[in-house]
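As written in TrEMBL, here are the features:
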DOMAIN    B:26-171  domain 'Aspartate/ornithine carbamoyltransferase carbamoyl-P binding'
BINDING   B:78, B:79, B:128, B:158, B:161, B:287, B:288  carbamoyl phosphate binding site
BINDING   B:106, B:191, B:246  L-aspartate binding site
DOMAIN    B:177-324  domain 'Aspartate/ornithine carbamoyltransferase Asp/Orn-binding'
């Protein structure tokens, strides 16, 4: 345990001149241009490094309990800390599913002793994520679940969805929903477009998402529940969210970082890494999602981190498990978008900090009196997400073997060092 | 501009996967990335093997001492038999494995099954699999040193079927330039159609026309570079070749079609519809045919039908592809062993 920490000569993004920080008992005690002379347990010379608020991830699979071959809370939160995240929302699709207070408590207990960062469990909205019976949402919330989701699974029908929303509304609970109409998505695993046509891949049409978005927005408007639409993939979804928000629907939204970098073309060599749900779509969708982040219609960028053992990805494309191992490289991928002029640094940082924090009623930011959760980056140095160097158990990074800018030198979570290279 | 500069990234990757640095075939997985010269070479080689089939002793020693494993993860009678015959006429040792009924039902993964077979000194895998991209996966990630021949993968490709169809067309039309070819029926689910489209485009056909209802065409069908016609009576105009696809009867269950009867009335090839094409239009079908569902018996057995030629040509094409890929693999193995740090 480090009880005090001093940072000298850090740079804030977009500002010139150095800033100094003193952290004691997990909080930022002083911060400013003036040199701090108080001694501390740990003193960091941050010359040349940029100080950024700790990132908040609304969708991260930690695989514990139940999927130790893919990852666990210790391994995946270490990877998250390397990625600059100090808060991760743990998706409920563990084994067993997080649909009972016992599982929530288990996750929190393990996190307390083994996690490098703050883990916030997301409860299952329905029992077993089956989409048929409501889970004990109020009990789960008091055990520590910050929101409720149904994972990648759709509700059995619109009636269940409507009741789930009405119940959540009663208790001021936020629902995080991944919009998918399962009858339309069927067995598909690729965008139903030109690449699927050429390669004979089973397609998921755009309308499998947009029909669900429309249904969810109408039901949310009627029930008055607060909903968060997760991992949008279509341009039209962004437009519908903007319209709904304009008429007062309590809706927020996120997008996975890989949706901002890749399109359906990534599957043209049957590369199973890019088998993700929802599928990577067209260039026009990618552009609209980027614009949505820039405009703030999309509140957050998430990692949608899904670590897998190698066997899960070592098979013909259609029978591999979906998802990428991304949490270590999200920010570096974002920097590449900034460098190409596709996204501003302000929008990127907002979507990784205050945007997602607001969705779960938290705050993120570096100021006097706030929890000391931040990271220090060398934004110019390069690294590679490589199986030998990754901290996640999942080695299927989308950018494996490419030079990425942005190396985290320190990540501090509530005053404790969560990550330090070497 | 070099040839490779004109290829898309996907085609370049497919070319790189299938050809040696010297441009020899080493796997035969997809027609994507193979140029007209390569396809013509395959057709010419197949022509030379047709003569072998006409001899009393129908064998050549090109694959003597080589082991070919027919790996059928999906059942097939005709394709497997022609591959087996082709391998035997090339003097290879042939092992037939129906994986449906053996290893994978005991829980062994595809990779493990293949690595075990590779350890038995196999030189070539002929693979059929229900998943699109399975042969890509095997060639790239599992056993790159075994020549992989795609005998049909999911909805993706069936390149030997397409090439034997091209051989049949060339025998009857002597050329591809200027030809108008229609493919009729269930394009969406057809690996044969995808490979035929690519083969016809590479070989220079003037027009590839797809004739089907909207439920049996892929999304973004325009990206395939074909013309699309919903009305078969219009679509038959000026055709030199009409290729009928097999209709799986389970298509009714998924609400893709109302009934066989309605499909036959709208998209079945009968004498009246055939009369709308050019008088020398040939009729093809990859088989097995459903008489009265996609084709009338009188047409299937009629003078314009070349369906039985297709079967004969199947053996010659498979001999051509297997012998070419084997010689590319052998050449590459030799290069690798000469390189310092290569395999022992």
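Using the three backbone atoms N, Cα and C, a Cβ is placed for every residue, glycine included.
Here the features listed in TrEMBL are painted onto the structure.
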residue: B:78; record: carbamoyl phosphate binding site; Cβ contacts under 8 Å, 6 or more apart: B:287, B:288, B:311, B:314
residue: B:79; record: carbamoyl phosphate binding site; Cβ contacts under 8 Å, 6 or more apart: B:128, B:151, B:152, B:160, B:161, B:314
residue: B:158; record: carbamoyl phosphate binding site; Cβ contacts under 8 Å, 6 or more apart: B:150, B:151, B:152, B:191, B:192, B:194, B:195, B:286
residue: B:246; record: L-aspartate binding site; Cβ contacts under 8 Å, 6 or more apart: B:185, B:186, B:285, B:286, B:287, B:288, B:289, B:290, B:294
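Residue density at residue B:191 (L-aspartate binding site): 22 other Cβ atoms are found within 10 A of its Cβ, drawing on all protein chains shown. The average per-residue pLDDT of the prediction over the domain 'Aspartate/ornithine carbamoyltransferase Asp/Orn-binding' (B:177-324) is 94, rounded to a whole number. When the neighbouring Cβ atoms lying within 10 Å are counted for each of the binding-site residues (B:287, B:288), the highest count belongs to B:287. Proximity to chain A (Cβ-Cβ distance under 8 Å) holds for the following binding-site residues out of B:78, B:128, B:191: B:191. Under the three-state DSSP scheme, residue B:287 (carbamoyl phosphate binding site) falls in the coil class.
Of all Cα pairs drawn from B:78, B:79, B:128, B:158, B:161, B:287, B:288, which the record names as binding carbamoyl phosphate, the longest spans 17 Å. The residues of the domain 'Aspartate/ornithine carbamoyltransferase Asp/Orn-binding' (B:177-324), classed with DSSP into helix (H, G, I), strand (E, B) and coil, number 62 helix, 26 strand, 60 coil. Cβ atoms within 8 Å of the centroid of the Cβ atoms of B:78, B:79, B:128, B:158, B:161, B:287, B:288 (the carbamoyl phosphate site) belong to the same-chain residues B:76, B:151, B:152, B:192, B:286, site residues excluded. Other Cβ atoms within 10 Å of the Cβ of residue B:161 (carbamoyl phosphate binding site) number 25 in total over all chains.
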